[in-house]
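Feature annotations, reproduced from Swiss-Prot:
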- 4-169: domain 'EngA-type G 1' (DOMAIN)
- 10-17, 57-61, 120-123: GTP 1 binding site (BINDING)
- 178-353: domain 'EngA-type G 2' (DOMAIN)
- 184-191, 231-235, 296-299: GTP 2 binding site (BINDING)
- 354-439: domain 'KH-like' (DOMAIN)
Amino acid sequence: MGRPIVAIIGRPNVGKSTLVNRLCGSREAIVDDQPGVTRDRTYQDAFWADREFKVVDTGGLVFDDESEFLPEIRQQAKLALSEASVALIVVDGQEGVTTADKEIASWLRHCECPTLVAVNKCESPEQGLAMAADFWSLGLGEPYPVSAIHGSGTGELLDQVILLLPSKESSEEEDEPIQLAIIGRPNVGKSSLLNSICGETRAIVSSIRGTTRDTIDTLLKREQQAWKLIDTAGIRRRRSVSYGPEYFGINRSLKAIERSDVCLLVIDALDGVTEQDQRLAGRIEQEGKACLVVVNKWDAVEKDTYTMPLMEKELRSKLYFLDWADMLFTSALTGQRVQLIFNLASLAVEQHRRRVSTSVVNEVLSEALTWRSPPTTRGGRQGRLYYGTQVSTQPPSFSLFVNEPKLFGDSYRRYIERQLREGLGFEGTPLKLFWRGKQQRAAQKDLARQKENLSK
């Protein structure tokens, strides 16, 4: 779908993720000295010679070991190859040809897409040619010496990649997808939920905490709408995380919240809302993101007619700052209600981008003032709310012009927000209210006059 894909394949610790970052001009792929840091397949955008394409990084392939994750990593690499236009096997020039390299090369010969050999860690151009020559023995064509760290040789490698990509006409860009980030603590079922949504094993699933170490982007289309689903590393308290792959993965997860259009906050139905869930909810609200709360593992809960409403009431009491978010009880294991996620997420995004006319805003405010007047101080000073207007979207933000902001306490401010929600909707998105006093209004008018004078 959309741009062509280049799959990066190789054994552990040959520098695949470093090369991905070099080819894409970013630092999104997690790089660490220990082998096996990358487990799932992760996508990044790349651009070269007036061509846009995607690079998919895969976990290190090992064929003589069936221990935890390794069969799943091979399956992820196989899925990456099935959608790729070009396969790029990365080898270590300093180590030379290994048995594992030969096994991977033999495996790639059954791949339908063309294959290139990138001989990494060739920091010296002269020695690099000699190192690369040994890899002709893999039988995959000319080996290209590169240094992922320094960037040498990557231009020539990208030139060859571009030659093998399908023509522009056959890979036209589609509309920008809605970015949906799947956020939650470790082991709440985020990757299982992603796989259930996609109908394929898109992310490795295990009962071991921290299986997903990086953010994983998946593109799919539903009812003519393109979506980018971002599965993230489970986020624990920072003091519980040592410096390394998990630390970087958590940072990527927090950045995924920033770049998302809507967040799915996944809660474990068996655990309920924990302190860390509350922190994540607060981060989503702080970033001003649309949100849907997904209560996963609903199949494992013993229930009767009253279980769901009672549990929702309990969960909402602990997630009170997300009281505007819809809550959906699902089971990634059985698929129960999983497909409803798209409907509710679409509604949340629509409301997040929605704009309301000033006249409609003030109709709602006028009715709110009729039902409950602004507070009065002990000295007899009463707050006055003159008018309001929407100033931005994503999230919907309103400026409320008053005589003096400090006269309006938290209770009355919450009341006005509730009235705006009841009168205008805005399900699934936070609202931002800015209370502007007389001095602020005067300063804004002066600034507007100055701009008008400068334009004359």
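Glycine is treated like the rest: Cβ placed from N, Cα and C.
Of all Cβ atoms in the shown protein chains, 25 besides its own fall within 10 Å of the Cβ of Gly10 (GTP 1 binding site).
According to DSSP, Thr232 (GTP 2 binding site) is assigned to coil rather than to any helix or strand.
DSSP assignment over the domain 'KH-like' (354-439) gives 34 helix, 21 strand, 31 coil. In this structure, of the binding-site residues Leu61, Cys122, the smallest number of CB atoms within 10 A of the CB marks Leu61. Cα to Cα, Trp298 (GTP 2 binding site) and Thr58 (GTP 1 binding site) are separated by 32 Å. In the three-state DSSP assignment, the secondary structure recorded for Gly184 (GTP 2 binding site) is strand.
With respect to Lys16 (GTP 1 binding site), the closest of these binding-site residues in Cα terms is Thr232, chosen from Gly184, Asn187, Lys190, Thr232. Counting in whole angstrom, Gly10 (GTP 1 binding site) lies 23 from Thr232 (GTP 2 binding site) by their C-alpha atoms. Put plainly, the binding-site residues Asn13, Thr58, Asn187 were compared by Cβ crowding within 10 Å, and the winner is Thr58. Asn13 (GTP 1 binding site) has Thr232 as its nearest neighbour among the binding-site residues Gly184, Asn187, Lys190, Thr232, going by CA to CA distance. Over all protein chains present, the Cβ of Thr232 (GTP 2 binding site) has 29 other Cβ atoms lying within 10 Å. According to DSSP, Trp298 (GTP 2 binding site) is assigned to a helical segment.
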